[in-house]
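Summarising the annotation, TrEMBL assigns transmembrane segment to 107-127, 133-151, 172-190, 228-250, 262-280, 292-312, 324-348, 387-408.
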Amino acid sequence: MNTITTPKETLHLKSKLRLLPPRALHRSQRVQLLPLNTFSNSSLISPARIVSLSQGGRSIDLWRRYASDKFSDMGLDPGAGSDKIFNETTASSSSSIVETLKKANSILPHVVLASTLLALLYPPSFTWFTSRYFVPALGFLMFAVGINSNEKDFLEAFKRPKAILLGYLGQYLIKPLLGFIFGLAAVSLFHLPTPIGAGIMLVSCVSGAQLSNYATFLTDPALAPLSIVMTSLSTATAVLVTPMLSLLLIGKKLPVDVKGMISSILQVVIAPIAAGLLLNKLFPKLSNAIRPFLPVLSVLDTACCVGAPLALNINSVVSPFGATILLLVTMFHLSAFLSGYFVTGSVFRNAPDAKALQRTLSYETGMQSSLLALALATKFFQDPLVGIPPAISTVVMSLMGFTLVMIWSNEKEQRI
């Protein structure tokens, strides 16, 4: 390899390192002529051989300076490649974080189970989450649905009256019938006190749960608006239907607060969904920015909605009848989930989205507003035993519903 030496004080680069004077070089400094093929991007470098000064990191500085000038002459940026790699790496890292946040919903059943165990073992962990937080908590879940939807989705939902009617019948015909059967079984077969049977029947008389809308959104986002319409309809008419069913099944007419029911629909369903839709339409960039964080917040929100009722009613749950009531309530909800699924399958067997409808109607039939049943039991029944089934139902239907979310979501991914 050729070597040229020059004094340190006279060393300079002439014509951007193309010409070097053949002068004596100090021993501590050596300028080396490197073959062109030393560099991978040789096609973008001048035909003249590259000069490298072997004095620590200085050689890199000289090479970079020269290369920068050459690329500048050609209208190229020598750092563009490294910047591109850096940007791609950063984007990849950001994308990974976003994907992780979006996949938070996949652990929801595990979080619900963990919150249930935590509420059982250490109730104070959720007792701070009192009933005053339930409305904004459920409202946030509806906001998450709204921001991921648009008004056309809801207009399309109203074009399916047959599905809406079937969902309504599931809420107020199939479910009350199952509640009556299991309520009678609790008293006649398991010899539980009559108020326990009344509590099971009371659970079957209330409207659908807002959590069913969120469950549908996680499994079949396109049908979430349809689920919301069905739940809203059952909630709006609960002011008339629930008292009638309670009189028919339990023998006691329970007055329902009409004003409170309408206020609940506005706060929990209509206002949050409208806010999400408007934000998505008017401020799409803001919506895109916050959307990845919603799954994580929704998981924590749901955990509180499940753990808090259990922690606040722990004495009722661990009562002497707790295990038997748990069995009956579980069988009631399981029967409701299965009935909704298979009845829908028989009615819509030729529909292109039959499976999605089956899942949606299963959630609607299997998940009830157990908190409403608990409130009615506390307010209108003197015997505290009536409130035990609704308290247990809150946890059971959430666990079962979100377990189905996990199962059905995995099935869909495997098919894809």
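From the backbone N, Cα and C atoms, a Cβ is placed for every residue, glycine too.
No curator has checked TrEMBL annotations; they are predicted automatically.
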Before we move on, state whether the transmembrane segment (387-408) and the transmembrane segment (107-127) share at least 3 Cβ pairs under 8 Å, counting only pairs 6 or more apart in sequence.
yes
Under a Cβ pair cut-off of under 8 Å, which of the recorded stretches 107-127, 228-250, 292-312 contacts the transmembrane segment (262-280) most often?
228-250
So are the transmembrane segment (107-127) and the transmembrane segment (292-312) touching or not, going by 3+ C-beta pairs under 8 A with a sequence gap of 6 or more?
yes
The transmembrane segment (133-151) vs the transmembrane segment (292-312): three or more C-beta pairs under 8 Å (separation of 6 or more)?
yes
Below 8 angstroms Cβ to Cβ, which residues of this chain, lying six or more residues outside the transmembrane segment (324-348), approach it?
162-163, 166, 170, 174-175, 178-179, 182, 185-186, 190, 192, 196, 200, 203-204, 354, 357-368, 388-389, 392-393, 396-397, 400-401, 404
Which residues of the chain, 6 or more past the ends of the transmembrane segment (228-250), have a CB below 8 A from one of its CBs?
142, 145, 154, 157-158, 163-164, 167-168, 171-172, 176, 179-180, 183, 198, 201-202, 204-210, 212-213, 256-258, 261-262, 264-265, 269-270, 273, 364, 369, 372, 376
